[in-house]
Amino acid sequence: MSATPLLELRGIDKSFGPVQVLRDVALSVHPGEVTALVGDNGAGKSTLVKCISGIYPTDAGEVLFNGEQVHIGSPRDAATLGIEVVYQDLALCDNLDIVQNMFLGREKHSGIVLDEPTMEQLAAETLAGLSIRTVTSLRQHVSSLSGGQRQTVAIAKAVLWNSKLVILDEPTAALGVAQTAQVLELVRRLADNGLAVVLISHNMNDVFAVSDRIAALYLGQMVAQVKTTDITHAQVVELITAGRSGGLGLATDPGSNGDGPQPADSISGGVR
Amino acid sequence: MTTTAVRKEGPAAVTPPPTVGSHVRNYVSRVRGGDVGALPAVLGLIVLCTVFAIMRPSSFLSAGNFANLFTQGAAVTLIAMGLVFVLLLGEIDLSAGFASGVCAAVLANVVTVLGYPWWVAVLAAVATGVVIGTTLGMLVAKIGIPSFVVTLAGFLAFQGVVLLLVQEGTNISVRDEVLVAIANRNLAPALGWALTAVAVLGYAAVQLLRHRNRAARGLITDPIAVVALRIAGLAVILGTAVYVLNLERSRNVLIVSLKGVPIVVPIIAVLLVIWTFVLQRTSYGRHIYAVGGNREAARRAGIGVDRIRISVFVICSSMAAIGGIVAASRANSVDPNTGGSNVLLYAVGAAVIGGTSLFGGKGRVFDAVLGGAVVAVIENGMGLMGYSAGVKYVVTGVVLLLAASVDALSRRRAAATGTR
């Protein structure tokens, strides 16, 4: 674990009109680690990810990447820094094959012609580097892949670009047991290869299986960021549902978290 | 992972080098899985030709009629080629027929009324197509009106524009030699053979180079026998067609000799090659498929979705303009009904019959040519059988419905078998 976090957020605020979705959020993500981002529906996980990936502008706060302050104004900025997001769905085109999907929007050319052999080779190398052995042909359409294979391709797509930080938005939500294990193993391997990984998940088993640190969001506030080994299953659930657990989380001040943020919860849930 | 990892060894090592047998098996399993591709159109074409050949052996099978098929189907095929782009995004352009009419009317006005040379008229017509396409595309992509509504409005408005351009119901004749030649003259037989040789050799070079390039990099290649078969197949089909078209088909050779490949054929062939190249070998084409397959994924991949959506309408209307030029050439004139009546339905039908999906994301420019051939054969054969226009409309409508059903059913089958 290195001393400087790869990505550090300080005091991030984000509102949608009158609804404050993120409030003074701090987060640090280290290379070679899986940081699990947990929180209930509407806690602001997806909004936070969209702020990091440049889809939403933030209202306040600063973002440090490799210790330097950066401004992420668009998904392209994020990609330039080496931040890749793997979304739960909507990430792949069914009618294109694996290679075409992995290079979508960033195709390799020779002249104006697509350089298919190079792309196919690079894709094969990336998949081999991640020890992905579940796809039979790189030229099969994504439509013919299982959910786990799709997620694998989506993750490989994110890794292809020498990315430094990979954010996975509930990668196992729609998967079966074997496929989940497969994807989690891949997530672990990404971190072991030296990448910083942020894993958004609802599933405590997944979180405890692969993560090094857990960051818990509660109603738009970062209530705790701790090492996975220092916390129990039950404590994380308490942090997610109540925002505090023993000495962790919000100070016992019911006024600050009383009725006010409740509507924010439901409305930001719709925004996700 | 442990449960699945033992099965396979690695992405490259998993698949054994394909053989001719595995190639055929793959194709059969794809078809069974709902990816029927061009199969229905090819089968339909064979069935139709067989039926008409049996019913009207002397007239349908004559060389003259074979040449007629091309000139009859040319305008519709060209419009359909443009429509494929729009259909690939899951959009529709109902105004393509009358857009071709408007462009033809512009052509006739520029060349006949204003007296400019033919190439100015052609440029004006295509430019008109570009303007129409840009307008439609902007309305769809930027304002967000469904393409169905925008182009339905265009359908009505352009019908009116054609009427205005040809001065309320008269017609403007097109007498320019070059323009008339497009749909009414033939290539010299020797030139036909030369172009055929160029086409076959070019295709062979592209195929063999790709094969060698991939093999050199250790990537999976199609078996060389399949590649050779493809090249031979193209050579046989083109050779036969050119041979038949080069036969004398004049009824009285003493008065006029009539032989050779109609000039529209190389025009269609060149556009087919260009657009196929654009769709299959450039990022722009790749992005069209991506937007048609999953617009959100395309957007997240950094593709300018709006730009792509506008551009396909521009391509569609420009191709409609070229179709309109061919139609004007064939009729030697432009009247208020140019591009009207069944032209649009035939063009959409041609694209869909050829295998382009109405749901977007699936289709090739070649589909339009194949489907155009089916439409032309129906139109031509039914005419020879002496059926009225009414029967022809009904049959074409039924064929379009059949094609759309094949599209929808194969999609369902593909969803059920997990290949889509």
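For all residues, glycine too, the Cβ spot is worked out from N, Cα and C.
The annotation transmembrane segment is assigned in TrEMBL to B:36-55 (among others).
As annotated by TrEMBL, transmembrane segment applies to B:67-89 (among others).
For the transmembrane segment (B:96-116), the list of distant contacts is 75, 79, 82-83, 122, 124-126, 128-129, 132-133, 151, 154-155, 158-159, 161-162, 165-166, 172-176, 179, 316-317, 320-321, 323-325, 327-328, 333-334, 337-340, 343-345, 347: same-chain residues at least six beyond its ends, Cβ to Cβ under 8 Å. According to TrEMBL, the feature transmembrane segment maps to B:96-116 (among others).
Residues 91, 93, 95, 99, 102-104, 106-107, 110, 116, 147, 150-151, 154, 158, 179, 305-306, 309-322, 324-325 of the same chain lie 6+ residues outside the transmembrane segment (B:122-141) yet bring a C-beta within less than 8 angstroms of a C-beta in it. Feature annotation from TrEMBL assigns transmembrane segment to B:122-141 (among others).
Among the features that TrEMBL reports, transmembrane segment is placed at B:148-167 (among others). Nonlocal intrachain contacts for the transmembrane segment (B:148-167), taken as residues 6+ away from its ends with a CB within less than 8 angstroms of a stretch CB, comprise 92-99, 101-102, 105-106, 108-109, 132, 136, 139-140, 334-336, 338-340, 344.
Taken from TrEMBL, the feature transmembrane segment covers B:187-206 (among others).
Counting residues 6+ beyond its ends, the transmembrane segment (B:227-247) has Cβ neighbours under 8 Å at 63, 66-67, 186, 189, 192-193, 196, 199-200, 203-204, 207-208, 211, 259-262, 265 in the same chain. Residues or ranges marked as transmembrane segment by TrEMBL: B:227-247 (among others).
What TrEMBL records for B:253-278 (among others) is transmembrane segment.
The annotation transmembrane segment is assigned in TrEMBL to B:310-331 (among others).
If you look up TrEMBL, you'll see B:343-361 (among others) marked as transmembrane segment. Within its own chain, the transmembrane segment (B:343-361) is flanked in space by residues 36-41, 44, 73, 75-77, 79-80, 83-84, 87-92, 94-98, 100-101, 155, 289, 292-294, 323, 327, 367-372, 374-375, 379, 396-397, 399-400, 403-404, 407-408, 411, which lie at least six positions past its ends and keep a Cβ under 8 Å from the stretch.
According to TrEMBL, the feature transmembrane segment maps to B:368-387 (among others).
Counted over residue pairs 6 or more apart, the CB atoms of the transmembrane segment (B:36-55) and the transmembrane segment (B:253-278) come under 8 Å in fewer than three pairs, which marks the two as apart.
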